[in-house]
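Take a look at the structure below.
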Amino acid sequence: MTESVMTKQVLSKSLIELCRYKRFEKITISDITQLCGLNRQTFYYHFSDKFDLLNWTYQQTAIHYLKDDVTLENWHDHVLKMLQEMQTNAAFYRNTVQDESALLANQFSTITCDLFLELFNRLDNEQRVSQTDRLFYATFFSYGCGGMLIAWIAAGFKEDAKELAASFARLAKDTEKLAYQLYCEIEN
């Protein structure tokens, strides 16, 4: 691990710790650097602002579960790991989403959009639906998933992570099933 990554992790851990008892919008760069014993110049060498740090922290703590080798078949397992990580740092996610929900929603939506696009491409191997429409459908579903994730966090993680992960997985599977049924009806 490089020194740069280690420094970023130290800053990230400070942000997570501060969010345990302080709203994200109230946290300053000075708060972050004082907690970890670094100076502001070091912070700005690695991040442009606290939103850049927040984005990086989301990537490192939760979103990374959805980055590598995620397929529709293993989607449930990866989402569950991400949701459980979010519950582990519940105060951090609650405080940051309360003040800045778009960052996390956009990261999650971007990844889910790719998965839904993969699903629609797989289902429409005869290219009956235009690429533009497939992209629209994938984007639509992904924003819904992002909204559900933010709502789950904002509600205080009331629904069990396993149940929410299962709901996300069922959405993809049921979409696949319904599309196949529609295809069969059209063919007959």
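Quick reminder: no glycine exception, Cβ is built from N, Cα and C everywhere.
TrEMBL labels come from automatic prediction, so no person has curated them.
Positions annotated as domain 'HTH tetR-type' by TrEMBL: 5-65. Across the domain 'HTH tetR-type' (5-65), the model assigns an average pLDDT of 96.
If you look up TrEMBL, you'll see 28-47 marked as DNA-binding region. The DNA-binding region (28-47): residue composition by secondary structure is 15 helix, 0 strand, 5 coil, according to DSSP.
Remote same-chain residues near the transmembrane segment (135-155) are listed as 83, 86, 93-94, 97-98, 101, 104-106, 108-117, 119-120, 129, 164, 167-168, 171, 175 (criterion: CB distance under 8 Å, separation of at least six residues from the stretch ends). Annotation source TrEMBL lists transmembrane segment at 135-155.
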